[in-house]
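Feature annotations, courtesy of TrEMBL:
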ACT_SITE  H22  active site, proton donor
BINDING   Y18, Y41, W76, W77  substrate binding site
Amino acid sequence: MIRKAFVMQVNANAHEEYERRHNPIWPELEAVLKDHGAHHYAIYLDKARNLLFATVEIESEERWNAVANTDVCQRWWQHMRDVMPANADNSPVSAELQEVFYLE
């Protein structure tokens, strides 16, 4: 498994709405993530800084990247665009983090 971590932002007035939209996420989005090899996906909110910290374990970079090309992912990004900064393609603005320590 490949461990990934990344940060995103959520609009200051949208913390509760962001959480509401994820509980639960759309069943078809959950299925696509699992079908593309995503496991142990978690997102944490730092309310003081409007930051989202996400971790996920993936089976391959290719399968993970393919999620973005699915219809359900495209619809999810459009659905979330009003509660967080987004790129021109509606994907969330994010920065991948480098792992510097891991204890198994």
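Residue 1 is the first one shown; counting continues down the chain.
Using N, Cα and C of the backbone, Cβ positions are placed for all residues, glycine too.
TrEMBL annotations: computationally assigned, not manually curated.
Note that the coordinates shown come from a computational prediction; the quantities given were computed from them, not determined experimentally.
Taking the Cα atom of each, Y41 (substrate binding site) and the residue listed as 'active site, proton donor' are about 12 angstrom apart.
Counting every protein chain shown, the number of other Cβ atoms lying within 10 Å of the Cβ of Y18 (substrate binding site) is 19.
The substrate site is defined by Y18, Y41, W76, W77, and by the 8 Å test on Cβ atoms against their centroid, the other residues of the chain that qualify are R21, H22, I25, L29, H79, M80, P92. For the pair formed by W77 (substrate binding site) and H22 (active site, proton donor), distance between Cα atoms is given as 12 Å, rounded to the nearest Å. Secondary structure from DSSP puts Y41 (substrate binding site) in a beta strand. Per-site Cβ counts within 10 Å over the binding-site residues W76, W77 peak at W76. In this structure the residues listed as binding substrate are Y18, Y41, W76, W77; their two most distant Cα atoms lie 17 Å apart.
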